[in-house]
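Straight from TrEMBL, the features:
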type	residues	note
ACT_SITE	Lys108	active site, proton donor
BINDING	Lys72, Lys96, Ser364	substrate binding site
BINDING	Thr196, Asn235	NAD(+) binding site
SITE	Asp150	site 'Important for catalysis'
Amino acid sequence: MANLADENKFFADVCKNFDSAAQFTNHPEGLLNQIKTCNSVYRFQFPIRRGNGFEVIDAWRVEHSHHMSPTKGGIRYSEMVNEDEVMALAALMTYKCAIVNVPFGGAKGGIKINTKQYSVAELETITRRYTTELIKKNFIGPGIDVPAPDYGSGEREMSWIADTYMTMNPGQLDALGCVTGKPIALHGIRGRKEATGRGVAYAVRECVEVAEDMAKLGFKAGLGDKRVIVQGLGNVGYHSAKFLSEFGATIVGLCEFEGAIYNPDGLNVDEVFAHRKNTGSILDFPGATSFKNSMEGLEQDCDIIVPAALENQFTELNIRNIKAKIIAEGANGPTTPEAEAIFTEMGGIIIPDMYCNAGGVTVSYFEWLKNLSHVAFGRMENRYAANSNANLINTLENLTGKTILPEHRLMIVKGASEMELVNSGLEDTMIHSYHEIRETLMTKPGTKTLRTAAFVNSIDKIAVSYMNLGVWP
Ligand code: GLU
């Protein structure tokens, strides 16, 4: 977790990664600086009524890059939020969107509060006032800047934002596209909640499928024999663990604030989740070894580690203790550049945040499209596809005189639901982008890591957008 000494390091770290990659591109320095810089940093403070008095809340919205509109990125609710962090996260959003070909610039918001210390009514007041401040300065709108959930926020906060925006913009046809990650009842999209974790699982699966790369780590290809430790049982961590185990991996360790648990024979993620809910702690899960020090949990034997909590988890001080050979960054910025250099030297692979956790924004893009088109995916064609598939099967049965098994008929005939379309769009995006990044790593000598290769791809794509905008000759 970022501490005061690191307060101004995160954005610098993102820029450091950018600079390492920029040398493998051919763009003029001025253009590179334009891509790197944060276009707009809006810092504001507003009062809320608390008890018998008032409290002043610190908040930010940073739009990192306007090379595409709208800008996009979550709002973090945390007492650790600071301007440097929001700038860094906004920048990562720009590179992330470019990597997965989501046509947005990057943005991020921050509200400096410990959500546990506020009532639901106070959180609603804060969220609605935050939204109003954004509206006042033209920092929100379906074609301007579209927030989403991040650490400490979820569907509930997004519906308050949508409602506030719609109230202040009556009659605006596309108003619901002003925020994503909304509940389904408020025109959210199926699959958004689990999208980041599902995307992490696709990213890891894709990485371990490449036999040539796995052989260098002394691994066989595939998830079947992989032991995974996940840090964080929040939305991203929980879903990453759940889908990785569904795809065949064994979850051997889970880490949270209060400590960590480890069982080499595997942990049932849902049972651990229920245990934490019932007892208030991950510790003492039956059959597992408990560690009061969460960091100790990360240092246990495994093949893959998924940091899915906050930034700066792996530094030059602890990276050598990590047994995993693959780090899959579910969180944003969990590995410092210094730690990455050491880990790479040790022969490890890092699946970088800007690609690995891009599933969330990818499905946010689908939600935004749904809101702008005012129709759920699959609604127009679902029944049509089912009928024409049935006609095809009936014709084949008549021609061949054979009858297909009812369960096979059911599988073939049905049209795609919104959830199936979203998941298939997400899966395709994660597979395609992984190979795009890997291709750069293989073909551009000097790009030693997937992160550098991902940055090269991002920078190239953003540079093309600036040139198309006519900003650059
Ligand atoms: N907060 C998420 C992220 O860091 C999602 C952003 C979005 O959906 O716009 O990627």
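Note that Cβ sites are derived from N, Cα and C of the backbone, with glycine treated the same way.
Bear in mind that the values here come from a model prediction, so they are computed numbers and not experimental data.
Sequence features annotated in TrEMBL and their locations in the structure.
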residue: Lys72; record: substrate binding site; DSSP class: strand
residue: Lys96; record: substrate binding site; DSSP class: helix
residue: Lys108; record: active site, proton donor; DSSP class: strand
residue: Asp150; record: site 'Important for catalysis'; DSSP class: coil
residue: Thr196; record: NAD(+) binding site; DSSP class: helix
residue: Asn235; record: NAD(+) binding site; DSSP class: helix
residue: Ser364; record: substrate binding site; DSSP class: helix
Minimum Cα separation from Ser364 (substrate binding site), reported as the residue among recorded positions Lys108, Asp150, Thr196, Asn235 that achieves it: Thr196
Where the record names Lys72, Lys96, Ser364 as binding substrate, the maximum Cα to Cα distance in Å: 13
Sequence-ordered recorded positions from Lys72, Lys108, Asp150, Asn235, Ser364 with Cβ under 6 Å of an atom of ligand 1: Lys72, Asp150, Ser364
Candidate with the highest Cβ count within 10 Å, taken from the recorded positions Lys72, Lys96, Lys108: Lys108
Close binding-site residues near Lys108 (active site, proton donor), where close means Cα within 10 Å, chosen from Lys96, Thr196, Asn235: none
Cβ-Cβ neighbours of Thr196 (NAD(+) binding site) (radius 10 Å): 29
For Asp150 (site 'Important for catalysis'), the number of other Cβ atoms found within 10 Å of its own Cβ: 25
Among Asn235, Ser364, which are binding-site residues, the residue with the most C-beta atoms within 10 angstroms of its C-beta: Ser364
Between Thr196 (NAD(+) binding site) and Lys72 (substrate binding site), the C-alpha gap once rounded to whole angstrom: 15
